[in-house]
Amino acid sequence: MASPDYAWLPSGLQPDDASPAWLSKGDNGWQLTAATMVGLQSVPGLVILYGSMVKKKWAVNSAFMALYAFASVLVCWVLWAYQMSFGKPMIPVLGKPDAKGVAENYLLRKIEIEGSYIPTADYVFYQFAFAAITVILLGGSLLGRMNFYAWMLFVPLWTTLSYTVGAHTIWGLHGLLDGLIDYAGGYVIHLSSGVAGFTAAYWVGPRHADDRQHFPPNNIINMLGGAGFLWMGWTGFNGGAPLASNQITSLAVLNTHVCTATSLLVWLSLDVAVYLKSSVVGAVQGMITGLVCITPAAGIVDTWAALLMGILSGSIPWYTMMVLHKKSAFFQNVDDTLGVFHTHAVAGLLGGFLSGLFANPDLLLMFYGNESSHGPGLIYGIISNNFRHGLRQMGIQIVGALFITVWNVIATSLICILISRIVPLRMDEDALEVGDDAAHGEEAYALWGDGERQSPPIRFRMTPRMPSFCRRSTTHR
């Protein structure tokens, strides 16, 4: 029975055992929707995108790497990684691990974030979806050659030892970089995935020589479908960051799509101007760089700034990927399959810097609260004769970028070296020639005859013994 204090409310809004007085049903409903949209970016979004953007013989392996990571991260997240990211500090860059993520009395209580009126379970799931997509994005650098057994070990280790540090340092309780502006993960998610993916690609080694020279998408229409899940899912990605259905949420969603559309058009225009072809793959890359660039700024910059960010995110990563990459021995020596370094590390770094430049102090106040030390952006600092504080914010953005970069290089390298002592990081050359059938005994577009699947060549038939690509290869790098 409702308390007399709430008798004036409609019956559907009356508090009860399942809906306590502190709970905002509107915010709760939006947060669950936003978290689901972020999850859909990975499953099925990146599953479809990866399975379609690679050569036909790697479609199953690439899609399955994404699906496996999504499941693996969730188990790690609720058992220990969530508290390492958002729990009580154990050291300045890491929280104390525990399994509160499966404790009912913890999950059902009000989240301990000022101005939020949702259960903690919402936040645990929303942040899981962030953690999962980070690892899957990283995996885009490793498609077409990584030993799946090594990937099975890599995902939980990287989530535990690398992602949690970035999340706690920037977003966690009393994190070391608490004053850094990262609205929804330009550094925590995208810079870290781009740097870690590039680092892991170095340790895993390149694809088969033929694959590296000729690696066409196997299904461009499906690729566009996966890209669509990614783009529309970003509504929840950036719209869920305020943990409420409020004005910042609305602005963040609009800014996200304005920046993304602008970035896509700029990338496409550069392709047409330079190569005289309107590349579909290029348009998808431009879409991704726009999404990534606006992420650290979506709810704390004005829409005119989002438009400018779209112009820069469609041009600067285009230059690093399409021009600088081809001229640089540094980039040529590392086989980053989908160019994750350019689309996520470069675009994420760009977005972080531009956040420190364009952040509106009024929006920062609305998002971070009265006690916040964030901002103002450098431009607003100059306008308000507060140049010193604007310059300080840019300094914090630079320090944060350096920390995330250095930590991910070190942690990812150590993880890869450790795994290489257990199983090979890279499949052997025979398996690389075959692809999915050698890795999983399955093919994306297998031919069927007389109701039965045709058997693969005998040397690649699956047996109870350890497959050949799990044995240590002499061509490690």
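Placement of Cβ uses the backbone N, Cα and C atoms for every residue, glycine included.
No curator has checked TrEMBL annotations; they are predicted automatically.
In TrEMBL this protein carries:
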- 30-51: transmembrane segment (TRANSMEM)
- 30-445: domain 'Ammonium transporter AmtB-like' (DOMAIN)
- 63-82: transmembrane segment (TRANSMEM)
- 124-143: transmembrane segment (TRANSMEM)
- 150-171: transmembrane segment (TRANSMEM)
- 183-205: transmembrane segment (TRANSMEM)
- 217-236: transmembrane segment (TRANSMEM)
- 248-268: transmembrane segment (TRANSMEM)
- 280-298: transmembrane segment (TRANSMEM)
- 304-325: transmembrane segment (TRANSMEM)
- 337-359: transmembrane segment (TRANSMEM)
- 394-419: transmembrane segment (TRANSMEM)
Count the CB pairs under 8 A between the transmembrane segment (248-268) and each of 30-51, 217-236, 280-298, then give me the winner.
280-298
Does the transmembrane segment (63-82) reach the transmembrane segment (337-359), going by 3 or more CB pairs under 8 Å (6 or more apart in sequence)?
no
Close approaches to the transmembrane segment (280-298) from elsewhere in its chain (Cβ under 8 angstroms; 6 or more beyond its ends)
53, 181-187, 189-190, 217, 220, 223-224, 227, 230-231, 234, 237-238, 241, 251-253, 255-256, 259-268, 271, 305-306, 309-310, 312-314, 317-318, 321, 339, 342-344, 346-348, 350-352, 354-355, 358-359
